[in-house]
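Worksheet: the structure to be examined is printed underneath.
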C-alpha cells in the first residue's frame, strides 16, 4: 500500500519541527557573545573601567576588558598584569559602592554682623544685649542726635550712621541674608537717629535761617541728610515699606529741592513736633525689616525678641552613576529545565503524529463488505481501497 500525500506532509512537518527543536536547545546552552581567538597585550590600568568573564560555551576561557572608549579586548586570565588589573577594578568598585555614591554636607549657619550700619553708633549701643529696651537706647539717641546737629554745619559729608545703614541695606538685599535678633538694637538706633528733629522752639524761631543754610549746603552733598525724612512716629504703617527695604531708605528722595519742599508742605511733621516739649524723647516703634519675616511693631516696642529663623543648609548632590560589573553565573537548573521542556514537546509531537497516522489508516481501511461480490464462483476483490480495479479470486 502506497502512502498518501497527506501522510508525507505530516512526516515532513514532524521532521522540520524536530530540526527546529534541536538547534534551539543547542543555542540555549551555547550563548557565546564574544569569541576570544586572539589575546591582547598589556593595557594601562587607567584606561580600564570594567571586566567580565566570557561564557563557558565559548570553549576558551578569557577575561574581557572594557576600556574608557567602550572597546572590548580579550586577555589571558593567567597573566600577572591581568590579575593585577582585576584586583584594581574590584577595589575601585568596592570603594564606589561603599556609601552608595551619596554624600551629604552640612554647612554651619553663618550670620554675619552688620558692621557698616553701626559705623556711626557708639560702642555701648553695639554691645547692648538682646533684651535692651527703648528706654536704654534713648540716652544713646540723644547723644547721637546732639553730635549729628553739632557736625551738620561744618561737615559736608552725611553722618556715617545714614550712609552705613543704606550701604548695609543694599548689601543685605543683594545677599539675601537675615540679621540675628541681637542686632535689632543697632537697627533701631540707626533708624531713630535719622528721624530726630530739633525742639519746637528752635524749629519755629530758626526755621527760615535753617532752611536757607540747608539749601546752600544740600547741592554739595552726595547723600540725603538725616534731617530729611518722610517717616512719622505717629504713623507706623508708613514706616514699614516693602519687604527687604528699610523704612528710612524707602521714603527718601535724593533731590534736595524736593526734600525741602516736602518739609514745608507736609503738615504732619509740624503738628507732631509742636506737640512735643523740649525735654521729650523720641520713642518711635519701627520694626526692622527682615528678608524672611517682619515682626509686628508691638513686639519691637516691648523689647521682645524676634523669632529666629535658622534653617540648616544641606548640600546634597546627586548619587554618582556607578557602573558595577555583574558577571552572569550559568544556571544549571534553568538549562536542565529547558532540556526537559524540549524533550516533552518532542514526545508530544510524536504522539500527535502517531495518532494522526492511525486515524488516517483507519479511514483508508476497506471494510469487509466491500470485498466484492461472487459471480459464478469468482469474487471481485479491489486492488486497494477506493480503486476501481478489481482482481478476480476463485472461491
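Each Cβ is built from the backbone N, Cα and C atoms, and glycine gets one as well.
The shown structure was predicted, so the numbers you read here are calculated from the model rather than taken from an experiment.
For 148-172 (among others), the entry in Swiss-Prot reads compositional bias 'Polar residues'.
Positions annotated as compositional bias 'Polar residues' by Swiss-Prot: 201-210 (among others).
Reduced to three states, the DSSP call for residue 58 (disulfide bond) is helix. All chains included, 17 other C-beta atoms sit within 10 angstroms of the C-beta of residue 58 (disulfide bond). Taken from Swiss-Prot, the feature disulfide bond covers 32-58 (among others), and the record attributes it to similarity to another entry.
Within the same chain, residues at least 6 positions away in sequence whose Cβ sits under 8 Å from that of residue 74 (disulfide bond) are 34, 36, 37, 38, 39, 40, 54, 62, 63, 64, 65. What Swiss-Prot lists as disulfide bond is 36-74 (among others).
Under the heading region 'Mucin-like stalk', Swiss-Prot lists 101-336.
As annotated by Swiss-Prot, topological domain 'Extracellular' applies to 25-336, with the evidence given as sequence analysis.
Annotated topological domain 'Cytoplasmic' per Swiss-Prot: 358-395, in sequence order, evidence recorded as sequence analysis.
For 337-357, the entry in Swiss-Prot reads transmembrane segment, with the evidence type sequence analysis.
Of the listed disulfide-bonded residues 32, 36, the Cβ environment within 10 Å is emptiest of other Cβ atoms at 32.
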